Amino acid sequence: MHFINEFINRGYFYQSTDLTRLTQISNSSQIVAYIGFDCTAQSLHVGNLMQIMILRLLQQCGHKSIVVIGGATTKIGDPSEKDKLRRIITNDEIQQNISGIKRSLKKFIKFDETKNDVLLLNNQEWLDSINYINFLRDYGRAFSVNKMLTMNSVKSRLERHTPLSFLEFNYMLLQAYDFYYLNKYYNCNLQIGGSDQWGNITMGVDLVKKLSNNEVFGLTTPLITNSSGEKMGKTADGAVWLNEDMCSPYNYFQYWRNIEDNDVIRFAKLYGEFSEVELSKLTELFFNNVNEAKKQIAYKITLLCHGRDEANKALNTAIQMFEHKKADENLPTFTIKDCNNLKVGIPITELLVTIGLAKTKSEGKRLIQGNGIRINNIKVNNINLVVQLHDFIDQVITVSLGKKCHILVKIAK
């Protein structure tokens, strides 16, 4: 399996520096590629999933890859695709986020230092110790401010007259230096990132060529949206996280189960690692029974993230909920310990906050008014509804937010 050919066939390709030469090198020798993740949250999400699948593909094709966690660059903040200055994230938050991101990555990837396992690095290791004066003297001459001002991440902010701090302006220098450092000490010759990173990546390519004259490449992926134009991993309820403490395996399964018909085959190629034979069968199934095809995709993608046991539980729970119309014990569960409250009753908005489906009672009201809440699969229309003991069947009710998020609410025995 040739890396670039498979990369293009799956739909990962957007733009590249010297694609012909990169293809030749990747077909004839082992490349060393790096992908970076900044530490802005305690988990990666579905929007990061393509980059993770690319890391797996590199490994499967016999290439070496490096994951760089941006412990240092997160302190600065990437201005790409941003309309305003990022909130400064504290060092403690960054360390917590690094821990969570490592958990996300280890679900999919084996980290080691053997021939084609993935190496995990943190750019704090080399950026935190940089002397600013020395950095300007040694590397500042290699960067053109004229070119930096033409970068989309900078240009768009200036055109909209939105603030761009000198702090953020430095981000692209540090990312370029990351590539130079990785090339010098790890023989890294390829950086892969999203299409919004093209300017930062090409600056890194130029820096390496100017300072060492080594042959390096940049490769970017497209921004993936669904058929409605929404970014992958974004829902009305927030991001779809990869870590199970932030998004249960069942809700993760449901996200994929509820994709639009037009996205089924495309997402199978992007995220499912289906073989050609499997994809052919899936395509045939899609035209005969689209819902069954969606279940197969949801199962496969959940299996890759959460393992076979959790994927089986999620599939069985979905079948019980939507085909047999029964609540399933494998749903995320909240237990009410004091049933005396239920004798008087709990306002629905208070219950939504208590079980974590709404952050505030006001948000709970908005969800109800938007027809987003169901109890035991019956739509809640009354924002003043009081949930009482008689609403529970065998001491259980199912509270649902939209089609994808379900909580089993139990009364403690």
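The backbone N, Cα and C atoms fix where each Cβ goes, glycine too.
Per Swiss-Prot, L-tyrosine binding site is recorded for Y34, Y171, Q175. The motif ''HIGH' region' annotation in Swiss-Prot covers 39-48. The feature motif ''KMSKS' region' is assigned by Swiss-Prot to 231-235. Swiss-Prot lists K234 with the feature ATP binding site, giving sequence analysis as the kind of evidence. Marked as domain 'S4 RNA-binding' by Swiss-Prot on the basis of sequence analysis: 346-411.
Location within the structure of each feature annotated in Swiss-Prot.
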residue : record                  : CB count, 10 Å
Y34     : L-tyrosine binding site : 25
Y171    : L-tyrosine binding site : 23
Q175    : L-tyrosine binding site : 27
_Six or more residues beyond either end and a Cβ under 8 Å away: which residues meet both conditions relative to the motif ''HIGH' region' (39-48)?_
69-71, 74, 86, 89, 94, 96-101, 103-105, 224, 231-234, 239-243, 245-247, 255
*Average pLDDT across the domain 'S4 RNA-binding' (346-411), rounded to a whole number*: 86
*Collapsed DSSP category at Y34 (L-tyrosine binding site)*: strand
*Whole number in angstrom, please: the longest C-alpha to C-alpha distance across Y34, Y171, Q175 for L-tyrosine.*
17
*Of the residues in the motif ''HIGH' region' (39-48), how many are helix, strand and coil by DSSP?*
3 helix, 1 strand, 6 coil
_Within the domain 'S4 RNA-binding' (346-411), residues counted as helix, strand or coil by DSSP_ = 19 helix, 23 strand, 24 coil
